[in-house]
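Peer 1: The structure under discussion is supplied below as structure tokens; questions concerning it will follow.
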Amino acid sequence: MQKKYYELFFIVEEQYKNLFLDFAFDLGIEAIEEKDNGVYIRSHESLEEFSWALEIFAQKLTTTFNLNHKIISNLSLVEKENKDWIQEYKKGIKPILVDNVYIHTTWQEEKKNCINIKINPALAFGSGHHESTYSCVKFLQKFSKSKLRALDLGCGSGILGIIMAKFGCNVEICDTDELAIDSSLENARLNGVDFHKAWCGSIDKANGLYNLIVANIIADVILILEKDIKNHLEDNAILILSGILDKYSTRIKEKFQDLELIDEMQINEWCSFVYKNNKKG
């Protein structure tokens, strides 16, 4: 084991965090940890070039979203004494119980009398602890039913798609990051379920109508995809929207006011909404 390693830390606005995580994965970064309201990246190789690339990426996002403030802050790069970070990482991840769904890692035991969801968090995009994912898991236990045609839009690690499949839905998944698709398919295999279709891209590549769509993605993307989402809803279909910071909730409600809002939940600053496709007028 090498004696030293490099640690890069930065704080990023929550709604843009996944963009930065995707960026890091695309550049071959593997040791990523979300902690202390920020992101830690560790490597035995120098991270100076990546730190520079990160700042350029942040500047481009600031321009793209026409922001008047910085997306990232507290950027620091230090050299530290080495540890067995794999074991440290494993110690830091706890299983999560949401009603009757128990989400755990590949190295943790299953829970009796629960629907067990096994996730390899090293593959990509989280292990179910985020507030928006928690809300989706609660809602999916209520609205997932056998034989429904369902779509996990922005699937990430595949947790939500796997849950729908466990409830008997015919599940399709999509994500704009190919790594997320690969990770979701691997996690599905770990859980003994199959997705009927999986593609790299968004809902514009979907064919036909769905009885259930879950979109746990940031508000900006939901607003962009609003028409495409509605165009793929079957009559009386259920739509679950999550990953929405409370400051965007009014805009989301205005955009989807032609659908019937039947349930909602807020945990800390994160909002989730459930709509039924009973279009008004």
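Using the three backbone atoms N, Cα and C, a Cβ is placed for every residue, glycine included.
Below, the features straight out of Swiss-Prot:
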type: BINDING; residues: Thr133, Gly154, Asp175, Asn216; note: S-adenosyl-L-methionine binding site
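Mind mapping these onto the model and telling me what they sit next to?
Peer 2: There are 27 other Cβ atoms within 10 Å of the Cβ belonging to Asp175 (S-adenosyl-L-methionine binding site).
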Peer 1: Per DSSP, to which secondary structure element type does Asp175 (S-adenosyl-L-methionine binding site) belong, with helix, strand and coil as the options?
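Peer 2: Strand, per DSSP.
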Peer 1: If you draw a 10 Å sphere around the Cβ of Thr133 (S-adenosyl-L-methionine binding site), how many other Cβ atoms fall inside it, taking every protein chain shown into account?
Peer 2: 25
